[in-house]
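Asker: Below are the features listed in Swiss-Prot for this protein:
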ACT_SITE  Lys98  active site, charge relay system
ACT_SITE  Ser173  active site, charge relay system
ACT_SITE  Ser197  active site, acyl-ester intermediate
Amino acid sequence: MAITRPTLDQVLDIRTQLHMQLTHEQAASYLELMQPSFDAYDLVDELADFVPPIRYDRSSGYRHRPSAKENPLNAWYYRTEVNGAREGLLAGKTVALKDNISLAGVPMMNGAAPLEGFVPGFDATVVTRLLDAGATILGKATCEHYCLSGGSHTSDPAPVHNPHRHGYASGGSSSGSAALVASGEVDIAVGGDQGGSIRIPSAFCGTYGMKPTHGLVPYTGVMAIEATIDHVGPITGNVRDNALMLQAMAGADGLDPRQAAPQVDDYCSYLEKGVSGLRIGVLQEGFALANQDPRVADKVRDAIARLEALGAHVEPVSIPEHNLAGLLWHPIGCEGLTMQMMHGNGAGFNWKGLYDVGLLDKQASWRDDADQLSASLKLCMFVGQYGLSRYNGRYYAKAQNLARFARQGYDKALQTYDLLVMPTTPITAQPHPPANCSITEYVARALEMIGNTAPQDITGHPAMSIPCGLLDGLPVGLMLVAKHYAEGTIYQAAAAFEASVDWRTL
């Protein structure tokens, strides 16, 4: 099938878009010269796409969008059943996938109406690896609108509720993933994290959520926001399942440009080591956020004291770059997502790997009704588009340079300490804003909890939220941060804390 050739008028319009001056005669010459290039386009159009085969049968599996009665938390987007290998690290485990992760043959909406009706044609790498490890996939978990919220009120078509209190946020953007694990509907779930989206819902719901080192787990087949902050990782009900899940998913796949020789470890080997002798730095900046609830801080300090009682060496540490990293998220995240996720239709350009052409085509439809985009996404796009058009991306570029400086601040502290600890979020889960709330309230409830979680997306360090108590019946999260590829050390401390006490009694 031949692609549609441009007309002379279209070439003249392109001339204007490219800020050029051409006569009609010159434009006609270029139009003629363009034809051999379009012959190559014809060939590309005719050839079958080169994507991974679907290795696990789903012809017999059902696909069902649950009713409100079947889905009281609104945590499911689609139900299905895909059985993996008979044996493996995750044999017998049921799993939910965040709905920005491609599962071939099952609809994917990414919490956003423009993607309604999209059905992936191949599996994400993490899907294949979970199935290889014996897991059974039960469906797609609701996520926030294009994953741009730490609250759980932005998903199309309805908010996700916290299993501990209906009408309260489950956290975002992996809102359904954490809610399904916390409610016991699945054993384990996959989440994504660009500003805290694994760790925030884990803190709000009382689950264990690991944002791995950037690039440790392949992002192939997961809808991108901005490649330098894209992460995918496990959300579970206990530490061992988390370690097993990371073991199954980690490692290079040769298709993800985010990966540069990722170092995979034997994560379960750390679970019985205890914390005796571990050096833990209590990050002072992590307790100094403007909206820090002192009661949350007290719960976290009590948890740190327990780690000290178990044998860890604990002392305060200051890393000024922590705050800088959080601020760098604005030019990197806003300009990056505006280019890659929006103008680049969920893919962007200039990288080698696996592109989802069908997703790119579907994502382009956001322009047909941009008014329906969420307020939190619009805000990021307004900032990003202004930075790109007024300053030509210079602040994105400079912020990426400064991100290396911010990483050095963490790395320097982690030469002295094995772990850094702080509250995952400064607050517990908050009530959903009313449906008719102002733009200001809508956005505030989407972003009020990211102060401690966004920095590690910028620096790439592994960070995990573990539940450490209840406050007025709502979970509190303790966050553990380690060196790049030192997820095992995080599991070491998390397992020791978990074994020492039932967090629900704290």
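Note: Cβ is positioned from N, Cα and C throughout, glycine not excepted.
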Asker: In DSSP terms, helix, strand or coil for Ser173 (active site, charge relay system)?
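Answerer: Note: Ser173 (active site, charge relay system) is coil by DSSP, not helix or strand.
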Asker: Cβ-Cβ under 8 Å from Ser173 (active site, charge relay system), same chain, 6 or more residues apart: which ones?
Answerer: Gly111, Cys143, Glu144, Cys147, Leu148, Ser149, Gly150, Gly192, Gln194, Ser197, Pro201
Asker: Can you tell me the three-state DSSP label for Ser197 (active site, acyl-ester intermediate)?
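Answerer: Ser197 (active site, acyl-ester intermediate) sits in coil per DSSP, no helix or strand.
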